[in-house]
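Quick one: the structure is below, and I'll ask about it shortly.
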Amino acid sequence: MALSVMCLGLALLGVLQSQAQDSTQNLIPAPSLLTVPLQPDFRSDQFRGRWYVVGLAGNAVQKKTEGSFTMYSTIYELQENNSYNVTSILVRDQDQGCRYWIRTFVPSSRAGQFTLGNMHRYPQVQSYNVQVATTDYNQFAMVFFRKTSENKQYFKITLYGRTKELSPELKERFTRFAKSLGLKDDNIIFSVPTDQCIDN
């Protein structure tokens with residue numbers, strides 16, 4: 001049980017590691033936060049609520065081995081101190097019910113940038129940053145995640161939707177954004193929608 005929770009945590013932190021040999025030896029370098037767009041005038045109250053994970057791109061993602069993934073949802077609950085309690089809801093493998101993963105995103109000095117709260121709970125994580133790159137708040141968001149774990153830098157971009165389906169144009173925009181950060185087609189995957197768990 002503890003092992004499966006740890007594996008889930010690593011996946012959601014951007015370490016979607018494949019079973020392929022040498023999957024992390026040649027990671028695409030993570031970009032500096034300064035080179036990643038930041039949503040102007042970020043409005044934390046409008047960003048809160050449920051988002052569906054429509055797409056993922058990252059330097060530990062491999063389409064040729066993962067293909068696609070089952071959609072999950074993430075709920076951002078705004079707190080009085082402008083941090084978010086963030087809950088991701090996933091479908092467990094083999095009809096084992098729903099899985100919930102809760103963490104805290106603490107605002108940094110720039111609106112739309114966050115760090116992981118309670119870092120002591122994640123001893124393998126040396127740093128963890130979240131940056132809202134772009135959003136219209138009511139349809140889509142693209143969020144950049146970067147972490148250092150065991151002296152390796154991982155990054156991912158998540159394409160969120162307020163609904164389970166997004167237009168081909170938004171998916172193409174997401175793909176272009178991921179490639180602008182050095183990722184390739186093989187590092188970009190899209191989810192398969194589900195009605196299990198993620199609307200809870």
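Glycine residues also receive a Cβ, built from the backbone N, Cα and C atoms like all the rest.
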Just to be sure I read the record right: Tyr72, Ser73, Thr74, Lys156, Tyr160 are listed as binding carboxymycobactin in Swiss-Prot. Which of Lys63, Lys147 is listed for the same site?
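That carboxymycobactin site, as Swiss-Prot gives it, pairs Tyr72, Ser73, Thr74, Lys156, Tyr160 with Lys147.
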Cys98 has a disulfide partner in Swiss-Prot; which of Cys7, Cys197 is it?
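Recorded partner, per Swiss-Prot: Cys197.
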Among the recorded positions Asn81, Asn85, Cys98, Tyr128, Cys197, which ones place their C-alpha within 10 angstroms of the C-alpha of Lys147 (carboxymycobactin binding site)?
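Checking each Cα against Lys147 (carboxymycobactin binding site), the hits are Tyr128.
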Would you mind listing, in sequence order, the residues at least six apart from Asn81 (N-linked glycosylation site) in the same chain with a Cβ closer than 8 Å to its Cβ?
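Sequence-distant Cβ neighbours: none.
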Whole-number Å distance between the CA of Tyr72 (carboxymycobactin binding site) and the CA of Cys197 (disulfide bond)?
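With the alpha carbons as reference points, the distance is 8 Å.
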